[in-house]
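Feature annotations, courtesy of TrEMBL:
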{"type": "BINDING", "residues": "B:G115, B:V116, B:I117, B:G118, B:D119, B:T139, B:S140, B:K152, B:K161", "note": "NAD(+) binding site"}
{"type": "BINDING", "residues": "B:E194, B:H256, B:H275", "note": "Zn(2+) binding site"}
{"type": "DOMAIN", "residues": "B:77-189", "note": "domain '3-dehydroquinate synthase N-terminal'"}
{"type": "DOMAIN", "residues": "B:191-340", "note": "domain '3-dehydroquinate synthase C-terminal'"}
There are 2 protein chains.
Amino acid sequence: MNAIPSASAIRTVHVPLGERAYDILIGPGLIARAGAEIATRLKGRKAAVITDENVAPLYLKALVASLDEAGIASAEVVLPAGEKTKSFEHLITACDKVLEARVERNDYVIALGGGVIGDLSGFAAGIVRRGVRFVQVPTSLLSQVDSSVGGKTGINSRHGKNLIGVFHQPDLVLADTDVLNSLSAREFRAGYAEVAKYGLIDKPDFFAWLEANWKAVFTGGSARIEAIAASCQAKADVVVADERENGQRALLNLGHTFGHALEAATAYDSSRLVHGEGVSIGMVLAHEFSARMNLASPDDARRVERHLKEVGLPTRMSDIPGDLPPAETLMDAIAQDKKVKSGKLTFILTRGVGQSFVADDVPASEVISFLREKHA
Amino acid sequence: MNAIPSASAIRTVHVPLGERAYDILIGPGLIARAGAEIATRLKGRKAAVITDENVAPLYLKALVASLDEAGIASAEVVLPAGEKTKSFEHLITACDKVLEARVERNDYVIALGGGVIGDLSGFAAGIVRRGVRFVQVPTSLLSQVDSSVGGKTGINSRHGKNLIGVFHQPDLVLADTDVLNSLSAREFRAGYAEVAKYGLIDKPDFFAWLEANWKAVFTGGSARIEAIAASCQAKADVVVADERENGQRALLNLGHTFGHALEAATAYDSSRLVHGEGVSIGMVLAHEFSARMNLASPDDARRVERHLKEVGLPTRMSDIPGDLPPAETLMDAIAQDKKVKSGKLTFILTRGVGQSFVADDVPASEVISFLREKHA
């Protein structure tokens, strides 16, 4: 392990949610500094660290040692890796271990892992003693720029993904950028799709910056920290404006309606498609569909596709290995995900790069025609 | 069933919690008016009604008919009666049925029952889709004056009662006073202990009014509605001042520390002691202990005991049928319920009738001596 870098390399994004305000720290060496960062900001002296079997061998020891050094006693909860862990079964285990560790309302649940661990741990933190403090230590690019910020927590139900959960904001997010070096190129790219998304939603300058600087972001160093900080800031802005998703927070779903349908169509088989890849294809489709609806220029769709392709992300349905079900099946998945009111759908569409908006009157018939064309 | 009374007999208590503000309606015939009251205030047109096997035969049909008449489609969820229903097992069933009924964020979970059903249903409402609307239709005096107001929801864990849950305020509480006529005298008295508690906390005039009017409250009619409305108002005042129990909300636990210890000591055997009876004895003990600590006059303790005894509530440990464990075991139960910091306990004590306060430095040694004396 490297020497602990000085705090000067650390970027801070503040999320001003009143009494639920918190900081996101982004930079190298934050796992080794975790105990100190927590202890200087918060009062609790006990923690339950929840992680998974993949992440535990890499970072759990270092995190626990850092907490220990800061006088924070911790219990360790290691769950199986993968989406199936977002279940009542594992939630019950997690809650039980948190109570066993005698974590009180000012003590911590600490999530060490990607989105699955973050969502499950945040939910446990939200319901044990009707809410204890929660610290996120995200270990994937996707969770650093997306799921660790904003307070959405939850598990899956047989009726669908993320249908059971609470809004429970973290008290601190520690995004250690060193851990990203252990990600596979494919995992990093998948997370990058969400980074690009923030540019496409309403930050055209950020998207242009990514087009010019993406290689430096993939290499690491200050450009990567810059990109993560900009992403967290973009997400924080949306969350602050609409914490409980009554309106504009839906913009964060750009590319996700098509993306989720493709994930469902590939039965969540990560060898074929992971979430960020679905979002990448979905964002291109959202821009193409907006062009087809005469809302945006086809040039914007081509520009978005060019960039995502350049970084190595899939951008077309035909990029997914294996056969896809027919357009009608994709449409069914979309209709299940969304409420269809008298043949109209709510969709995130765009007037061009960085000009997304929530459209709540998209004709289902247009979507199905579009999917048939694209699928052919 | 009686003809539906006019709205003029209905009392309204408003709970001003900003965007979580809601009304408590108190009076006769509210189950028959439920659909109309909900439909005029809220937008949802679907509901899952959660109730138990004891309450369902009495009121479920009338409630569902009333919803139906107001254009609100409802699914019925009937769970076993009793404290054991506050478990993850039944929570999972409830969540599943609510999702099956396609209840969206503006639709309702409706709790029809006592505290157990209210706590479990409110928790389900708080976590399905990260929160759907919640309507309480409390059917016991205890739940009408206490658990249906204030937003505490939850289930039990093997580590203790109510350790898993969320704060999720109802959108409307409909306290139908007609249903109280079906309660046994013992159940009504147990709920009355919580009514008296509000006087003892900080409303000496209300306690004096109860001393003068308790017979009319037990008989029914306007005095009963008055007492329930005053209780809901008192609870609402405390909740508004401290929604998430960071301080003064603890006053609502007057009598509950001793009470819980006695409930634990009788293994929650309701044939020996029910919650309100434990609170009755606990309130007398809290006043006696305050007198012993020279905080209050022994006359106040005698006055409190006189009134509770007059209405037929138990007031002494020796009133509980069967043997109690030794004082040391009661003390262990208290210490488990509370955090003991360097031999000091947090307790609700009093300077006299209507003058309760939160004391956070009560010597555990004084409590044990007191319990030994009382137990003898």
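Including glycine, each Cβ sits where the backbone N, Cα and C put it.
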Composition by DSSP (helix, strand, coil) of residues within the domain '3-dehydroquinate synthase N-terminal' (B:77-189): 47 helix, 31 strand, 35 coil
Secondary structure content, the domain '3-dehydroquinate synthase C-terminal' (B:191-340) (per DSSP, counts of residues): 109 helix, 0 strand, 41 coil
Closest of B:E194, B:H256, B:H275 to B:I117 (NAD(+) binding site), Cα positions, binding-site residues only: B:H275
Whole-number Å value for how far B:H275 (Zn(2+) binding site) lies from B:S140 (NAD(+) binding site) (Cα to Cα): 13
Spatial neighbours, same chain, of B:D119 (NAD(+) binding site) - Cβ under 8 Å, 6+ residues apart: B:K86, B:S147, B:K152, B:T153, B:G154, B:I155, B:N162, B:G165
Neighbouring C-beta atoms (10 Å sphere around the C-beta of B:H275 (Zn(2+) binding site)): 23
Residues flanking the Zn(2+) site, with Cβ no more than 8 Å from the Cβ centroid of B:E194, B:H256, B:H275 and excluding those residues themselves: B:L142, B:D146, B:A193, B:K197, B:G255, B:G259, B:G276, B:G278, B:V279, B:G282
Spatial neighbours, same chain, of B:G115 (NAD(+) binding site) - Cβ under 8 Å, 6+ residues apart: B:P138, B:S140, B:L142, B:S143, B:D146, B:S147, B:H275
Least buried by Cβ count (within 10 Å) of the binding-site residues B:I117, B:S140, B:E194, B:H256: B:H256
Between B:K161 (NAD(+) binding site) and B:H256 (Zn(2+) binding site): CA-CA distance (Å): 13
